[in-house]
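Structure first, then comments.
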């Protein structure tokens, strides 16, 4: 009997310490601790029963004393557990409180100088990069300026070449016109006359003659006038066509000039037949019969009739045949 009691006294503290250790580790499972405690008690009772059976001791021996011992151990364990929980709550609550902020150190004069020097170094590096980029841009601008200058020089050379070609073309056309005028027209001394069967105003006719290296015909004397009359009559017979000459009084009424600006000293104006000559006057029946010039300021350009070679004043905007004169 005493041996059973002694064995129980020796085993119960170890079992309680085992249970306490299990409960200590069970802090992590606070949500399921109630069920675990009951299981622990059943496990202790089962272990004690198995030990008694293994030693051949009666099962009921020492139950009352063991129960008292277990009650005392339970009270001690619960007190220890309660104290551990309070300590854990204090430990858990303490970190949750707001930590006391550490005072930040105030910057010293050395820190300020270091900061300023650092900023100055950064600005200097940025300025250096800007200088590099500016140098690259300056180089690029110089290259572009040189390229633009070369392009301008090339364009100027091209314009000069085009102008030279135009001048050559004009001279070629003028030379061709002079040759054509002398080959196809009438050659008279140092002049050649060529009839054009295109209808043009007096100004347009002068422009076309000039483009071919000549001007509208300017007969300077009776010999040239008679030769030109024969040429026109032969070219346009049997019809009578007025043909523009290079004579006008646009500058001043009654002051007739050639296209080259020289004053006209020889005239071949149309005159109506007089009754004394035995011919029947035609002033009443033919609009071209009155003496010329008779248009005043409305008719300032001179045309030559192809049938008799007489001069008539006409409106400069009329479109007539024209005869060009070329130097030979």
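Using the three backbone atoms N, Cα and C, a Cβ is placed for every residue, glycine included.
It should be emphasised that the depicted structure is a prediction, and the values quoted were computed from it without experimental measurement.
What Swiss-Prot records for this protein:
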type	residues	note
DISULFID	209-324	disulfide bond
DISULFID	301-316	disulfide bond
DOMAIN	188-325	domain 'C-type lectin'
REGION	58-111	region 'Disordered'
SIGNAL	1-21	signal peptide
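Here the C-alpha separation of residue 324 (disulfide bond) and residue 301 (disulfide bond) works out to 15 Å. Cβ packing within 10 Å was compared across the disulfide-bonded residues 209, 301, 316, 324, and the lowest neighbour count falls to 316. Look at residue 316 (disulfide bond): DSSP puts it in coil.
A straight line from the CA of residue 301 (disulfide bond) to the CA of residue 209 (disulfide bond) spans 16 Å. Residue 209 (disulfide bond) falls within a helix when secondary structure is assigned with DSSP. Residue pair residue 316 (disulfide bond) / residue 209 (disulfide bond) shows a Cα separation of 16 Å. Taken together, the residues in the domain 'C-type lectin' (188-325) have a mean pLDDT of 86 on the 0 to 100 scale. Helix, strand and coil counts from DSSP across the domain 'C-type lectin' (188-325) read 31 helix, 45 strand, 62 coil.
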